[in-house]
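Shown next, in structure tokens, is the structure this report addresses.
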């Protein structure tokens, strides 16, 4: 490999380097969060795991928004949702089902999360329909998206109060390997250092992506749907599969579905609110193809969780759907 080639493609090498470091940091923080979740239970542990896993996504989205990379932000979040609902959940159910044949879960956790997911999906459909019919001008559409995002954010907070405070007994699952004094304890200081490092690297990552898009004419959609979700969610992928293999399917569900719920009701609304304040043209409007993909992803996962049990074939179906969607993105 000649020095000329390296210099010519320096942005790609730098992006790859930052990409690997972000993944390593995400894996490390997922291990610390996993230790923390053993102290506080599946529901709260899954929430914290999802939050830590989504922080790189939030940081990257904020920096991309500041760089006016609106499409990358929206498609990146879409890719993360597809990855969580189909890829992560599919792999977790597949590997867990192969090892245990049948895994049972708390239907209340799944039902609550899916109710909130369908609320978010409904808001996107309404916003997109209004936009396509031309019933609102741009200014009113931005205002509608801002107000709707605020409602979604408040509903997300209410959902947390319901599941973690007022009705937390409905979500508690006794685990055979509950935390004991001999187990390793999470390092809170290390978690904070890792989060700061991820924040700094996220800005560098976005700047490199911007340069690569400009220099190599790589479609934003392809980068957003594949690369950004990997950076933002690799720790969740590993943690969800690992917990499913330990027959803790409730925690696996909370990580994958809970992460998607958090993306739709917290991360995206937060980004929309920030965009509105900065007078940037980011709305809750998605095109027809993207809406169909969201409906398929949430709908398929919803049908899997109707009977309170999962089997490996259901995981295979979710994975097949993910592959088909990624193939379609790579060709359009």
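One-based numbering along the chain as shown.
Yeah, the Cβs are placed from backbone N, Cα and C, and that goes for glycine too.
Automatic, uncurated: that is what TrEMBL annotation is.
Feature list (source: TrEMBL):
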| type | residues | note |
| --- | --- | --- |
| DOMAIN | 15-164 | domain 'Sodium/calcium exchanger membrane region' |
| DOMAIN | 188-328 | domain 'Sodium/calcium exchanger membrane region' |
| TRANSMEM | 12-29 | transmembrane segment |
| TRANSMEM | 75-96 | transmembrane segment |
| TRANSMEM | 108-130 | transmembrane segment |
| TRANSMEM | 142-166 | transmembrane segment |
| TRANSMEM | 187-206 | transmembrane segment |
| TRANSMEM | 226-245 | transmembrane segment |
| TRANSMEM | 257-278 | transmembrane segment |
| TRANSMEM | 284-305 | transmembrane segment |
| TRANSMEM | 312-331 | transmembrane segment |
Contacting positions for the transmembrane segment (142-166) when only residues 6+ beyond its ends and CB under 8 Å are counted: 43-44, 47, 109, 112, 116, 119-120, 123, 126-127, 130, 136, 261-262, 264-266, 268-270, 272-273, 276, 281-285
Top Cβ-contact partner of the transmembrane segment (187-206) among 12-29, 75-96, 257-278, 284-305, 312-331 (pairs under 8 Å): 12-29
Best-contacting stretch, by C-beta pairs under 8 Å, relative to the transmembrane segment (108-130) and drawn from 12-29, 257-278, 284-305, 312-331: 284-305
Interface-richest range of 12-29, 257-278, 312-331 toward the transmembrane segment (284-305), CB pairs under 8 Å: 312-331
Secondary structure composition of the domain 'Sodium/calcium exchanger membrane region' (15-164) [DSSP: H/G/I, E/B, coil]: 136 helix, 2 strand, 12 coil
Positions on the same chain near the transmembrane segment (257-278), where near means CB under 8 A and six or more residues out: 46-47, 50-51, 53-54, 57-58, 61-62, 65-66, 70, 73, 77, 80-81, 84-85, 88-89, 110, 113-114, 116-117, 119-121, 142-143, 145-146, 148-150, 152-153, 155-156, 159, 233, 236, 284, 298, 301
